[in-house]
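The annotation ATP binding site is assigned in Swiss-Prot to Gly49, Ala50, Ser51, Gly52, Ser53, Gly54, Lys55, Ser56. The annotation domain 'ABC transporter' is assigned in Swiss-Prot to 13-235 on the grounds of sequence analysis.
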Amino acid sequence: MVNKNINDIPPILCCSNIIKRYQYSNFSITVLDGITMSIEYNKIIAIIGASGSGKSTLLHIMGGLDKPTSGDVFLEGRALNKLSDKDCSIMRNTSIGFIYQFHHLLPDFSVLENIAMPLLIKGLKFAIAKHKAQFILELIGLNNLCDRYPCELSGGESQRVAVARAIINNPPLVLADEPTGNLDESNSNNVFKLLEKINLWYGTTFVIATHDLSLAKKCHKIYIVSNGMLKISTI
């Protein structure tokens, strides 16, 4: 058996000449203008840029939540933007986790039920989903929050629960849009440390859109989005 060199392993995510243009009645706005990039497995990547620079739009296109005007997005070799809505939805639920600035936890469900929700959507029985959710909570040190509801959590606790929900399906890729943007410095550090642990334990790839330069500097690589263009930061 021939051992593959790490350089022979294809990237988990590729964006090829991504253009995103919004067309209005008598004018158009180009938000992304020819973005090409590759994301390696097992990395934590930051995408930084000013508000309105297009970093969130890029993240949504990477996750199949939006389609580019032209260009392609490949996730583990499959062109996301060429999939049917149904197939894209299935791939998102099995291969991609999402974390947002606001946790979007369902208020009428407990922490355990919120974390188990992606598994229930996937069709797993509640007993199995509950067991896996309990395991994740114990793994990240939040098992004491199991029966609480979102209204009973602090901001930092809510966001760590959102992280747990994002990894419950063990996706190879997690996309995080300003995951610490609503938190103070202490809670921001705690959330990022959790992402680092998950990256180390599971080899999960994280792509984080953020305006927090101190957070970005902790990542393996930083990309800058400016005027619709992308470049690698040397910060």
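Even glycines carry a Cβ here, placed using N, Cα and C.
Note that this is a predicted model, so its numbers are computed, not measured.
A map of Swiss-Prot features onto the structure.
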{"residue": "Gly49", "record": "ATP binding site", "Cβ neighbours (10 Å)": "20"}
{"residue": "Ala50", "record": "ATP binding site", "Cβ neighbours (10 Å)": "12"}
{"residue": "Ser51", "record": "ATP binding site", "Cβ neighbours (10 Å)": "7"}
{"residue": "Gly52", "record": "ATP binding site", "Cβ neighbours (10 Å)": "9"}
{"residue": "Ser53", "record": "ATP binding site", "Cβ neighbours (10 Å)": "21"}
{"residue": "Gly54", "record": "ATP binding site", "Cβ neighbours (10 Å)": "25"}
{"residue": "Lys55", "record": "ATP binding site", "Cβ neighbours (10 Å)": "27"}
{"residue": "Ser56", "record": "ATP binding site", "Cβ neighbours (10 Å)": "20"}
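Under the DSSP three-state reduction, Ser56 (ATP binding site) is assigned to helix. Within 8 A of the CB centroid of the ATP site residues Gly49, Ala50, Ser51, Gly52, Ser53, Gly54, Lys55, Ser56, the other residues of that chain are Thr57, Val225. When averaged over the domain 'ABC transporter' (13-235), pLDDT in the model lands at 87.
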